[in-house]
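Per TrEMBL, the features are:
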- 6-93: repeat 'Solcar' (REPEAT)
- 12-32: transmembrane segment (TRANSMEM)
- 101-211: repeat 'Solcar' (REPEAT)
- 220-309: repeat 'Solcar' (REPEAT)
- 289-308: transmembrane segment (TRANSMEM)
């Protein structure tokens with residue numbers, strides 16, 4: 001039987017649809033993850049994910065939980081599309097000899113997918129982190145001002161709230177001051193997070209999904225793809241969380257009072273270890289698992305159901 005060719009437009013569209021649905025569902029948890037990872041010892045505002053979300057709603061309103069969502073929703077379509085389509089493409093190329101993919105080839109395909117996606121992931125994360133963390137910085141400055149007023153002889157007047165940055169303003173400022181490199185700050189840390197993530201995620205998902213196939217050549221039921229995506233996503237997310245913590249710190253342009261600054265990946269990792277201990281590398285790990293699990297579960301359901309193929313009237317691509 002002739003091999004079906006991969007429909008790249010359908011794969012890209014599936015990845016985009018999956019990303020939009022997934023991000024909308026889990027963005028508040030992602031915001032809590034960023035704020036928990038950025039707070040340092042002695043400057044803790046939030047004790048847990050739920051505490052962070054409650055305080056965010058109280059101080060910034062319900063829509064405060066979606067600060068930075070517009071950037072994510074705009075860029076997650078190409079990001080997820082590139083990630084899923086690249087993995088599919090590499091798996092297809094590596095299986096052209098008709099042999100079943102070995103674990104090494106599955107990992108190689110995942111490595112290729114993770115490398116390709118950072119083209120979009122790095123600037124998306126750079127902008128999103130500034131917007132997500134702005135509320136934490138503002139709250140910390142307000143508390144510091146109140147403490148200073150209490151210790152002073154005269155009550156200090158409350159400073160007017162600083163205008164909240166927008167993605168457009170941040171992009172313009174970064175391009176003006178640092179050029180395109182400003183949007184790609186933390187590129188190395190992003191690679192160190194996303195490439196291992198994809199190496200772990202895609203082979204694990206493929207093998208878990210394979211277990212649920214009723215017969216050779218048939219698709220797994222949608223719930224099997226969903227559960228496989230959730231399990232593989234959460235496992236990979238926790239495995240690379242230390243790199244995600246370092247990446248988040250490096251990409252944060254604003255610092256709270258008395259918080260460390262960093263010159264690079266190794267400097268950041270050393271200071272976190274010295275000042276906060278090994279446990280700091282797991283900050284936000286459960287938040288990240290709660291973000292990634294449904295995000296990739298939804299993504300794989302959309303992807304493997306072939307929603308785009310139906311919309312475009314195309315035949316589904318090969319199931320590898």
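Placed from the backbone N, Cα and C atoms, the Cβ positions cover glycine too.
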Q | Surrounding residues of the transmembrane segment (12-32) on its own chain - C-beta under 8 Å, 6+ positions past either end | A | 46, 49, 52-53, 56, 65-69, 72-73, 76-85, 132, 284, 287, 290-291, 294-296, 298-303, 306-309, 311-312
Q | Model confidence over the repeat 'Solcar' (220-309), averaged pLDDT | A | 88
Q: Could you put numbers on the helix, strand and coil content of the repeat 'Solcar' (101-211), residue by residue per DSSP?
A: 90 helix, 0 strand, 21 coil
